[in-house]
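Here the structure comes first, spelled out in structure tokens, and everything after it is commentary.
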Amino acid sequence: MTAPAQHVTLAAETSTGGLLLWVVLPYVCLAVFVLGHIWRYRYDKFGWTTRSSQLYERRLLRIGSPLFHFGILVVLLGHIGGLVIPKSWTEAAGISEHVYHIGAVFLGTIAGVCTLGGLTILIYRRRTVGPVFSATTRNDKAMYVSLTLTIALGLAATVAANTVGGGYDYRETISPWFRSVFYFQPDPDLMTGAPVLFQLHALSALLLFAAWPFTRLVHMLTAPVGYLTRPYVVYRSRDTHLGARAPRRGWERSGT
Amino acid sequence: MRVMAQMAMVMNLDKCIGCHTCSVTCKQAWTNRTGVEYVWFNNVETRPGQGYPRRYEDQDTWQGGWELNKRGRLALKAGGRFKKLAQIFSNPKLPALDDYYEPWTYDYETLTNAPLQNHTPVARPKSLITGKDMKISWSANWDDNLGGAPEHGDKDVLLSQVSEKIKFEFEQTFMFYLPRICEHCLNPSCAASCPSGAIYKREEDGIVLVDQDRCRGWRMCVTGCPYKKVYFNHRTGKAEKCTFCFPRVEVGLPTVCSETCVGRLRYIGLVLYDADRVLEAASTPDDTDLYEAQRGVFLDPNDPAVVREAENAGIPRDWVEAAQRSPVHALINTYKVALPLHPEYRTMPMVWYVPPLSPVVDAVRDTGQDAEDHRNLFAAVDALRIPVDYLAQLFTAGDPAPVDAVLRRLAAMRAYMRDINLGREPDARIPEAVGMGEEQMYDMYRLLALAKYDERYVIPPAHAEQAHSLEELATVCSLDYDGGPGMGGSGPFGESSGGAAPLAVENFHALRHRQTSDTAATPTDKARRVNLFNWDGKGRPPGLFPNEPSGGGNGTGGNGDGKDEPKP
């Protein structure tokens, strides 16, 4: 009985908009992200690919693709460091807020510029190289808009906060909110006070995650790290159920 | 000893007339789809020539196959696991479309649509990549029959490795045809290069396949294969390769390329090999020893110990018997006339070749000697128009001795059989000179010259207890699939997303699509069209007749129960 009462007071303090944006939306997006991937993996394994266009054009891809991908991997690591690891942990490890901030801004800006630069090259290539453009679906275009928007907003938020103010310590607000979502005790108040660019970045990222399972971005989830440990040559027995369909119920092959 | 069975092929190059029937039928069966226009699971190359894709044998450039590293251990030439993953965002060693060719179609429609004019209308070539007009400058067979040899001849990778003398003789032209399919290697470097583990070697018959559901399009296999027989489907974003026509082989039928081969030069059969010795053989230090090393991996299916081990390994009895009758085993190990293609790539290829004995008889006759005398023939082998050195570059990593031995055996067979055909006493010294018995030589002649369908293709079908689950024998109706994914439309995530359709259904729809479309791109009213060739006369497919005018009238054909028929 006490738990619901607590929620009622929480809701009373926060505006409905805040509640929708920072509690409902994250959970909806998260659910779509997880369930969408499961659904896609079950029903569209054949469509689960990088859809590489290297065969059409390789000169621009050679520069743009590694720039973007390595950049975004560093950005991902940065986000893990900033959002997942609590401030108290880094301070316990002897890293002061100032040192962390310098490091984050330095690395983050380099990685962000690399990512955005790579993405610019890739989008330029996609638009100007005929075969690549004609292989671009509407789904791809929507994905590119969403991805570019998210990255640009993220970079803009960092740059704005550091040039206008003396930097914004998102580890006091955004990071606890991010973790609170996963504790199932979401606290929207932490987000409502954040600068608007950070809010927009978070919202666009949420929408990107919701769209993720339905775009070519799914290839990220099957990054082939298993290659490092598996034997070189894979042997497989002729399939237990060859043919495209699973056997009908009652017609499965028995035993070995 | 770990016995495994391998479905393998031997091609007798003496008989190949370069008609490309194998390539065309293979393409019709497997790669007549968008995204794989440039893909030839089977192609026939004129040698000397650049091959397909151009200069694919230049491994200094393409880095295909395996090599021995500094410690003498087998390593992927293009780099191991870490290097592969570091390069995953942009593969630096991938052939571009220019190295294959830009596929095209013709604007046939203008031929029928063009207005009356003084000049015959022309069907212009349209690129299948960009859809625009294009100038055709290369194709899969641009240098067929030495076409353009004065300009391109020296681009043959092998010619740079053979001596100056051959370059000179090349001016007097020699050529032969080399049909190529996937080698279904014992030590496949494409599978080893695949980061996703999607390429696998089937335990039962050794066929190397790409799991289309697991392939993520990282493209490392294309680099890894030194024969460049893995292709990238640019529409689906997946790798595709020769399947050894597994749906046919599983039911005991030869591959499409073999079935349709006009010269009947292909042989299919099982080879038993010792899987435990593959790595050791592939690591043989000297390139020229690899041919013998690979032969050493093969097991004698008539050896009782091998038969026992095969049974322990779960190889069915009829498969062992098929291996005993295998023409491939006979040509490789009994008669020793088949050689592997580029053993120096260390992938242990399993499509072998009987090298061509060029017009040796004519050459000898021109010198005024008795052209059918085996001694003259043997002497002529060294002076063949197709230089032994060139063949050695192809088949034995440059060692002329095994090629020479094979050619002598083939020449001896001709000389020996000539005596028999002319009713003379056969000369036992001829087979003896090449280390064969008379009976063995006659058997070899039978296999190379007379062998019928069931002797050339000894293919044990997959087992009956698995029949229900086999792709093409599926005992469930394949038509219950109608409207499912892969039915020739686009899935929700672009071209060809959704589950895979059975091959038969896919082929049916691909055929129908080709027959009903008359433009390079998908016609807009495709869904509403009807192809009378595919209409069995039953029912009324939508689009067969123009829409009926709605409303009244005197019945529109009735319900068939007679009640609506007008009464007199």
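Positions of Cβ are set from backbone N, Cα and C atoms, glycine also.
Annotated heme b binding site per TrEMBL: A:His69, A:His79, A:His201, A:His219, in sequence order. If you draw a 10 Å sphere around the CB of A:His79 (heme b binding site), it holds 15 other CB atoms from the protein chains shown.
Per TrEMBL, domain 'NarG-like' is recorded for A:20-238. Taken together, the residues in the domain 'NarG-like' (A:20-238) have a mean pLDDT of 91 on the 0 to 100 scale.
If you look at the transmembrane segment (A:19-39), the same-chain residues 6 or more away from its ends with a CB under 8 A from one of its CBs are 11, 177, 181, 186, 188, 190-192, 199, 203, 206-207, 209-210, 212-214, 218, 221. If you look up TrEMBL, you'll see A:19-39 (among others) marked as transmembrane segment.
Only residues 6 or more beyond the boundaries of the transmembrane segment (A:60-80), in the same chain, are considered here, and those with a CB under 8 A from a CB of the stretch are 53-54, 104, 107-108, 110-122, 124-125, 129, 151, 154. Taken from TrEMBL, the feature transmembrane segment covers A:60-80 (among others).
Using a Cβ-Cβ cut-off under 8 Å and counting only residues 6 or more beyond its ends in the same chain, the transmembrane segment (A:100-124) has close neighbours at 60-61, 63-72, 74-75, 78, 81-82, 90, 144, 147-148, 151-152, 154-155, 158-159, 162, 167, 169, 171. The transmembrane segment annotation in TrEMBL covers A:100-124 (among others).
Proximity of distant same-chain residues to the transmembrane segment (A:144-170), defined by a Cβ-Cβ separation under 8 Å and at least 6 residues beyond the stretch ends, is recorded for 72, 75, 82, 97, 101, 105, 108-109, 112-113, 115-116, 119, 123, 126, 194-195, 197-198, 200-201, 204-205, 207-208, 211, 217. As annotated by TrEMBL, transmembrane segment applies to A:144-170 (among others).
Residues or ranges marked as transmembrane segment by TrEMBL: A:190-212 (among others).
In this entry, A:His69, A:His219 stand out among the binding-site residues A:His69, A:His79, A:His201, A:His219 as having a C-beta under 8 A from a C-beta of chain B.
Classification of A:His219 (heme b binding site) by DSSP places it within a helix. In the three-state DSSP scheme, A:His69 (heme b binding site) falls into the helix class.
Every protein chain shown contributes to the tally, and the Cβ of A:His219 (heme b binding site) ends up with 18 other Cβ atoms within 10 Å. In this entry, heme b is bound by A:His69, A:His79, A:His201, A:His219, whose most widely separated C-alpha atoms sit 23 angstrom apart. The 10 Å shell around the Cβ of A:His201 (heme b binding site) contains 23 further Cβ atoms across the protein chains shown. With a cut-off of 8 Å between CB atoms and residues at least 6 apart in sequence, the same chain places A:Gly118 near A:His69 (heme b binding site), listed in sequence order.
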